[in-house]
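> Pasting a structure below so you can have a look.
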Amino acid sequence: MFFGAGPWRDLFTQSCFKVYSLSHRSQRPEHRTHKELSFERDVDVNLFETTIRILGGLLSTYHLTKDPLFLDKAVYLGSRLMPAFRTPSKIPFSDVNLGKGTAHPPRWTADSTLAEVTSVQLEFRELSRLTQDPQYQVRLSRFVMLHLKCGRKHDGLVPMFINTNSGQFSHKGAFTLGARADSYYEYLLKQWIQGGKVEDDLLEDYLQAIEGVRKHLVRQTGPSRLTFVGELSHNRFNAKMDHLVCFLPGTLALGAHHGLTGAHMDLALQLMETCHQMYAQMETGLSPEIAHFSLQTSSSSDVHNLLRPETVESLFYLFRFTQEPKYRDWGWDILQISSSDRSRVEDTRPSTTCVTP
C-alpha cells in the first residue's frame, strides 16, 4: 500500500494525472497546472512517501522536461513538508497536514522509523541544489545525520526507531535490513554519490554498516548454499529475510561500480541469486513478502506479494554492471508474472494475496 485509502490516495492520483495531462495537451500548461494542482488540502500525508514519490516525481519531471513549472511545484510542496521538522531534536515527525501546516508522529508509536527519516535526503538535497536555498538540505542532512552519527551503533548497524524528542534510538537491540530500517543503508551510499563522493562521513558509515551486515546478519542455507541476510534481536539470530532486503545486491553493486571493494560485488551476486530464487521457487513465480531460511517454518501471513520493486531494481543494476543476460531475463520473468491476471485487482496491480496456490 503506497498511500493508503481516502483523500491522500485521491490527491496522489489526481496530481499525477493532472501534471502529465496538462503538460501534454495544452500549449501553455503552466497556467492551468498552477491553478489546478494544489498541495493545500486538509489531509495528513506521510513525509517519507510524499517525498520519494511526489516531490521526487516533480524533480524528476523537471529534469526530464526542463520546465520550471515542475520545479516551482516541487519548491511549493517541499516548503509545505517542512513542519515535520519542528521537533525538539529536529528528527522529523512521520506525518504532515499539508493544509494546516501541522505534524505529528504515527498513531501507533511516538517514535519515527529509521528508514523514513533517513530516506528523504536525496530529494531535499537536490531541491537545495536547484534553488540555491540551503534550508532543505540543512534541516535534513545536518540534524538528522548528526544524531545518527552520535548514536550508539552495533558495528554500523542501527535500531529501527528514533525518538523525535530526544533524538535517541529506541527499541534497541533489534537490527534488520528489512522493514523500517532498509533504506537507511541504501541512502548512505546514494547520498555519498550524489554529493560528489566528498562526504567521507557518509562513506565511512556505509562501509562500517556493510561490515556489520557481513559479520552479524549474513548466513548461508544448507545444501543449496543460498546466501541470505537475517535479523538480530538482542543477540539472537533470526533466519528471516524480508523481500525489502533485496535492495541490497543492487546497492552493493552500485558501490562497487563507484570504486568500492570488489568483495561487495561478490556479495551482491550471491544475494541476487537468493532474491531470484525467492521468486523461482514459488509456484506462482512471485516472491513472498517474507522468506524463512532453514531454521523456521513459514507463516501464512508471509506468503502475499506486494509487487515491491527492490529485486527488479537490483536486477537492473546487476545487468548494467555485469552485462550478464540472465539478470535481464529474470527481470522479464517477474514482469510477465506481475502483469498477469493473477496480480490484477480492479485494473490495478497492487498486490497478490497468496503466492502458493
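A Cβ is built for glycine as well, from the same backbone N, Cα and C atoms used for every other residue.
TrEMBL labels come from automatic prediction, so no person has curated them.
If you look up TrEMBL, you'll see Glu49, Glu289 marked as active site, proton donor. Feature annotation from TrEMBL assigns active site to Asp182, Glu310. According to TrEMBL, the feature disulfide bond maps to Cys246-Cys275.
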> May I ask for the distance between Cys275 (disulfide bond) and Glu310 (active site), taken between their Cα atoms and rounded to an integer number of Å?
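That separation, Cα to Cα, works out to 9 Å.
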> What count of other C-beta atoms do you get within 10 angstroms of the C-beta of Asp182 (active site), across all chains shown?
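The answer is 23.
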> Provide, as an integer number of angstrom, the distance between the C-alpha atoms of Glu289 (active site, proton donor) and Cys246 (disulfide bond).
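Cα-Cα, rounded: 11 Å.
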> I need the nearest neighbour of Glu310 (active site) among the recorded positions Glu49, Asp182, Cys246, using C-alpha distances.
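Given the candidates Glu49, Asp182, Cys246, the nearest one is Cys246.
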> Within 10 Å of the Cβ of Cys246 (disulfide bond), how many other Cβ atoms can be counted across all chains shown?
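There are 30 of them.
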> Using a 10 Å cut-off, grab the number of neighbouring Cβ atoms around the Cβ of Glu49 (active site, proton donor), all chains included.
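Total other Cβ atoms inside 10 Å, all chains included: 19.
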> Compute the C-alpha separation of Asp182 (active site) from Glu49 (active site, proton donor), stating it in Å without decimals.
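One finds 14 Å between the Cα atoms of these residues.
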